[in-house]
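Now, the feature entries from Swiss-Prot:
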- GLY79, ASN110: anthranilate 1 binding site (BINDING)
- GLY79, 82-83, THR87, 89-92, 107-115, SER119: 5-phospho-alpha-D-ribose 1-diphosphate binding site (BINDING)
- SER91, GLU225: Mg(2+) 1 binding site (BINDING)
- ARG165: anthranilate 2 binding site (BINDING)
- ASP224, GLU225: Mg(2+) 2 binding site (BINDING)
Amino acid sequence: MNNYLRKLVEGQHLTEEEMYKAGLLLLNENILESEIAAFLVLLKAKGETAEEIYGLVRALREKALPFSNHIQGAMDNCGTGGDGAQTFNISTTSAFVLAGADVKVAKHGNRAVSSKTGSADLLEELGVNISSTPNEIDYLLEHVGIAFLFAPAMHPALKRIMKIRKELNVPTIFNLIGPLTNPVNLETQFVGIYKRDMLLPVAQVLQKLGRKQALVVNGSGFLDEASLQGENHVVILKDNEIVETSIEPEKYGFSIVKNEEIRGGNSKENAKITLGVLSGEKSVYRDTVLFNAGLALFANGKAKTIEEGITLAAHSIDSGKALAKLNLLIAASNEKLERVN
């Protein structure tokens, strides 16, 4: 580790292979906590490259719980968090809209870190059992079309690093890589990130991970979701090409909605919002979900255009399919699935 620390002190970038090896060292129980803290802070001060992000992602996915990965066509729409906007659970609500549109969703997520309610907190409040094994997750993806992957359970080697991150209380590379460490072999992905200058590096990592299609967005107001407040900065990965662009919500018929208008609350309050959206209630929450789910359906390839994605998202809700997916996941995740273990 000392060699890597010296390079970082000198402001030098690590190669992908160096970062991969450093990542394995970070996960080693024999490494000193002071070394982990120094590495994370120095890397942050230097600025992370796509190669460094990918090298660490390789190490984390290698040490994650193993999956059979026989499920084809899975997608995730997990964002990085960390935008400080305290919005309701946009991506988790959108995940059921995607599932209702016949997209297999492997939703990677965690409890609240910088927000009041994380995806795990919301799903537990709704009645979903978030303690699923890899075999159970495969079963849920195949038979329900949506499954939740509780990040701490999927990545047990990260427990020590999580403690150090909390003690440091500053953003590190781990604030960026949550969506990139999903242990399921995804085909497509929709990623919201809070740092605009990392749009391209994250898209490049998704390309290295072999995604067929992906869309990375930094919303207006630096939201880690697509925002109805104004211009959204976007990077699209398709046919192995990366294109940078921007998207205005007005173009798709949405009224401007300030980010403050879509703030959430505790898990009970956010569960009420999610159920309202999935039940077809008209609101700024619904419009925000339609925009995000529409973009995700476009990123997935289920929709050929963003307009078509928004139409499919609305149908998923208004037909009752999105809510049905939630109810099915609640029932199936709470069954005893010994037959798949």
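The first residue you see is number 1, and the count goes up from there.
Positions of Cβ are set from backbone N, Cα and C atoms, glycine also.
A separation of roughly 19 Å, to the nearest angstrom, links the Cα atoms of HIS108 (5-phospho-alpha-D-ribose 1-diphosphate binding site) and ARG165 (anthranilate 2 binding site). Taking each of the binding-site residues HIS108, ARG111, ARG165 in turn and counting other Cβ atoms within 10 Å of its Cβ gives the largest count for HIS108. Cα-Cα distances to GLY79 (anthranilate 1 binding site) place SER91, ASP224, GLU225 within 10 Å, out of the binding-site residues THR87, SER91, ARG165, ASP224, GLU225. Within its own chain, THR87 (5-phospho-alpha-D-ribose 1-diphosphate binding site) has SER115, LEU223, GLU225, ASN259, ILE262, ARG263, GLY264, THR288 as residues 6 or more apart in sequence whose C-beta sits under 8 angstroms from its own. Candidate binding-site residues: ASN110, ARG165, ASP224. Nearest to SER91 (5-phospho-alpha-D-ribose 1-diphosphate binding site) by Cα distance: ASP224. In this structure, the C-alpha atom of the residue listed as 'anthranilate 2 binding site' lies 15 angstrom from that of ASN110 (anthranilate 1 binding site). Secondary structure from DSSP puts ARG165 (anthranilate 2 binding site) in a helix. Counted over every protein chain shown, other Cβ atoms within 10 Å are most numerous around SER91 among the binding-site residues SER91, ASN110. The number of other CB atoms found within 10 A of the CB of GLU225 (Mg(2+) 1 binding site), across every protein chain shown, is 30.
With respect to their backbone Cα atoms, ASN110 (anthranilate 1 binding site) and ASP224 (Mg(2+) 2 binding site) stand 15 Å from each other.
For the recorded site, THR87 (5-phospho-alpha-D-ribose 1-diphosphate binding site), the DSSP three-state label reads strand.
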